[in-house]
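The structure under discussion appears below in the form of structure tokens.
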Ligand SMILES: O=c1[nH]c(=O)c2[nH]c(=O)[nH]c2[nH]1
């Protein structure tokens, strides 16, 4: 029996970089969490401890800060492409770079230099690059986009077995924290407007769908993005069903006509799905 090295990658995870751009007294801020993972000809470091091919993760972290200064930070997809191409182009042993970025939003309070974190929502980007001349992919997205419909949601007609106690309902609260990722057909989109529009599609489809299940709502949301955004070809969604249970107020002599709920935090149903354009080229590696 022979033992061999399987797939591997390494890099600096979660470099937290904040870039302030000063335009007189008016400042812009970009607040990111950047994770780099490099792979390629890394056999000798694993097998015999020869570090010749290993660009230290410390240098990768320094590159994130240096590029933030040198190039500024525009859209996170562009910053991720810049970093990924840099590592794949400049290091002979690096065949492939993966850069994942989370962006935390800040909105201006007043004046030029005071900000408030914008909600729980996080914008995301995941880029893979074999270098400027090689295959590349861009996946954009968001997570922790918390939404709720206080009516317009039903759930009935479901399968039943000897353990089923759930009562069918034709009016419930539907609430979730959306994690959505969407794959671009190319690498040259207008990432700012593409993001804003995809997000708008998700919210409008969530609000506008009379829901018979969270699964149906999920599909409607992914479908809306692909119908409206030709630069995108695949949407992946993960949506926890944040259950709201009607409280039994009858012990207190009160009725409860869908007014008082217990918001449970766990367990939760977890509904996940992919929505694809029929001509989407297969690209499983884009999500790795
Ligand atoms: O929208 C729903 N989908 C389910 O699969 C499910 N299962 C469940 O208990 N409640 C719900 N709601």
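Placement of Cβ uses the backbone N, Cα and C atoms for every residue, glycine included.
Keep in mind that what you see is a predicted model, and the values were worked out from it rather than measured.
The feature active site, charge relay system is assigned by TrEMBL to 12, 57, 243. What TrEMBL lists as 5-hydroxyisourate binding site is 57, 155, 172, 215, 241. Residues or ranges marked as urate binding site by TrEMBL: 57, 58, 155, 172, 215, 241. Taken from TrEMBL, the feature O2 binding site covers 57, 241.
With a cut-off of 6 Å between Cβ and the nearest atom of ligand 1, the recorded positions 58, 155, 243 reduce to 155. Take the Cα of residue 172 (5-hydroxyisourate binding site) and measure to each of the recorded positions 12, 58, 243: the nearest one is 243.
When the alpha carbons of residue 155 (5-hydroxyisourate binding site) and residue 58 (urate binding site) are compared, the span between them is 51 angstrom. Residue 243 (active site, charge relay system) sits 43 Å from residue 58 (urate binding site), taking the C-alpha atoms as the reference points. In the three-state DSSP assignment, the secondary structure recorded for residue 155 (5-hydroxyisourate binding site) is strand. Counted over all residue pairs in 57, 155, 172, 215, 241, the record's binders of 5-hydroxyisourate, the longest Cα to Cα distance measures 49 angstrom.
All protein chains included, residue 243 (active site, charge relay system) registers 18 other Cβ atoms within 10 Å of its own Cβ. Across the structure, residue 241 (5-hydroxyisourate binding site) and residue 12 (active site, charge relay system) are spaced 33 Å apart at their Cα atoms.
Only 57, 58, from the binding-site residues 57, 58, 215, place their Cα within 10 Å of the Cα belonging to residue 12 (active site, charge relay system).
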